[in-house]
Amino acid sequence: MIVDGQITNYLDYKGAYIGKLNSYAHQIYGELYAIDERTILIKDFFYDGLASDAYFWVGATILPSNVGFIVPDETGRTNKLRQYINRSIRIRLPDDKTIHTIRWFAIWDIRSQKNFADLFIPEGFLPPTPQTIAEFSQLSNGIKSEPIVIVDAKTIRIPSFTYDGHRKQAYFWVGQGPQPNSAGERIPNELGYLEPLGPYRDDLVILELPGNMTIFDINYISVWDQELSENLGSVIIPAELNIPPALTTVIKVESRLPNCEQLHQRLQVNWEVFGPQITIELIGQLKKDDYMAFGISGSDNSSRMIGSDIAIAYMETHLGFTRDYNITGAFPCTNVLGHYQGVCPDEKVGGVDNYQVNLFERQDSLTRITYRRNLQNVGDEGDRTLDKSKATFIVWAIGKLTQTTIKHPGFHHIYPKHDKSIVFGRKSERNCFHFTTPRSDLFEQQQQLSNTPISTQTSSLITKPWGPLRLLNRTMTTFYARLGDSGGLRGYYGSTGQASPNLVWYMNGMLAPILYVKRGRTYTFRVEGGNNPQQAELYNPLYITNDPHGGYTELTETERKRFNVYAGVEFDRRGRPSPTSAGRLCVWRIPSLNETSDENDNNFYFDKRRADTNRFANFIQYRNRLQFYCDSSTSAQILQWTPNASVPDIVYYQSYTHRNMGNRIIVVDDFYSSNNNFVSASTIMTSSTVSLILNNNIIILLLLINYYCM
């Protein structure tokens, strides 16, 4: 709270206190705070709503008068005020006005010219603003930055941050005292990870202080080597900064289990060992189509997904589920010559789903699922034993669920980049912090991005999709169908809304673009998605269908009858399908940071330390980061297709073996038809043109095919 202008509880800090409304009618009550120079918070606002034409009203005259202007309500509208009963609302002055330019705030009836309540802005009042402080000291490992900005009570903005990434145990570190010291604590990086920092090169880094912590609780921010207790670079934070309040509120999390480890800013694990069993509670800040995963690593010496024994936990409507999975490959569960491989439920690989769900709930944006498992293997070959007295390497993840009838985990977008081990039988210890979420008093009605402060835009910008990508060229009749990394939340999922495997189709070097074709014209697909059925993850015949998900081999007979196949599959006399377009393997992949690692021997495209897609502003930057590999021992398979009058306006190119790897094909009668509003003279290019057009966040790429053919 704020008493006589002094902050006594920083968690309740709402901004600079302006004062209490003077009420003259309609039982008006409210306390005003300045969030920033244009934003005002009215706390506990009460107004009976009975006036005929009352508005929020501000002006610069000596006394409140009809010489002023309307301030939109919390929804951004300028309608007359309705009834408010003890609500906290946020209102913003028009674009050309600031608190510096006004002298008073009132509830004013325009029709009767009456003042129902007012408050004068104190002379010399300074509204909170982001404060620029010093830059990082350059002590070691190439650390440097531009001057740091304290955006609000929990947000730190570090422009042009550089660090070589060579220290094994370096973290963003905060604490109290005149200089950085070992009594401080690590904070999550800009992506929410609590793991050692990797390299940065002139990157914009935006950090959010975790849990209850605010800027007012710390004296410095540092890059600290915890192994050697060494400050690699730091900056001192001045006291009593006049900054905006945090745009998040703390969600307090309690668990009856005695142990806790914070795996990520959005995920924590609690547990208790009792007898031959362990009770595990996962608490995650998930969206409705997310899952969270936790389990024992596939390696005794590192955190490795391949070979791991994990629980996939998620909520569907009001029910919670925990399913026992065994991971033999970084691809969806696939029947390979009569045996299931990949990310498979235990029962599909001859095991038993022996996890017992005890509790599940979703509240305050948090999903909580508690389950129990045995410490020892009880006859299930896929289950790994857990020795409570030894350090056990673990794996964890957050990812998207497929939107199919039966939910399956898609490729994870949050996962460990470094090794993590836990001694599950340790003395009780809790190393977790509370979660945060956008403050309801500041965001009852979220306005468009352009009308919100920069600090509110951070999470949206990080996951802003690169696409959908579109391949539109009326002279193009050949498509090179290859595989490539799915691009996380900004790539395939951001463009299609579907969870995908870690590999998807790349058409002419573009990540699953929407294709445009003309009826009656023959198109050639040079398919290079892998032709060895013994490598399920790399075996992807191409076919064209009206199924938006694909994966023909995964469909039941009933499901197959619902969809048509237009190219890429042949049927024998008994109706048994076989793919016709399985060519050599060509793939775009993130380069491994350690090509000698045994984890990469059989899964060269799968690297747990690969670069995050959030570092790339658009797909072109990301694609240029990928390496191209092509199997030279075989050749491409040719698939020719001539869409006729019976083909629907929208069909899909998909993988025969895996779901959600392709995208739409738009079939038109005439590229120049006035009905096709996606085509204009400015977007029809010659075949020698390479053009990138950015329009309404949609990337349209018109590319010369040979540019991407190697």
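Using N, Cα and C of the backbone, Cβ positions are placed for all residues, glycine too.
Note: TrEMBL annotation is automatic and uncurated.
Per TrEMBL, the features are:
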{"type": "DOMAIN", "residues": "15-122", "note": "domain 'DM13'"}
{"type": "DOMAIN", "residues": "131-238", "note": "domain 'DM13'"}
{"type": "DOMAIN", "residues": "265-399", "note": "domain 'DOMON'"}
{"type": "TRANSMEM", "residues": "690-709", "note": "transmembrane segment"}
Per-state residue totals over the domain 'DM13' (131-238) - DSSP helix, strand, coil: 3 helix, 46 strand, 59 coil
Structural state census, the domain 'DM13' (15-122) (DSSP three-state): 3 helix, 53 strand, 52 coil
Within the domain 'DOMON' (265-399), residues counted as helix, strand or coil by DSSP: 4 helix, 77 strand, 54 coil
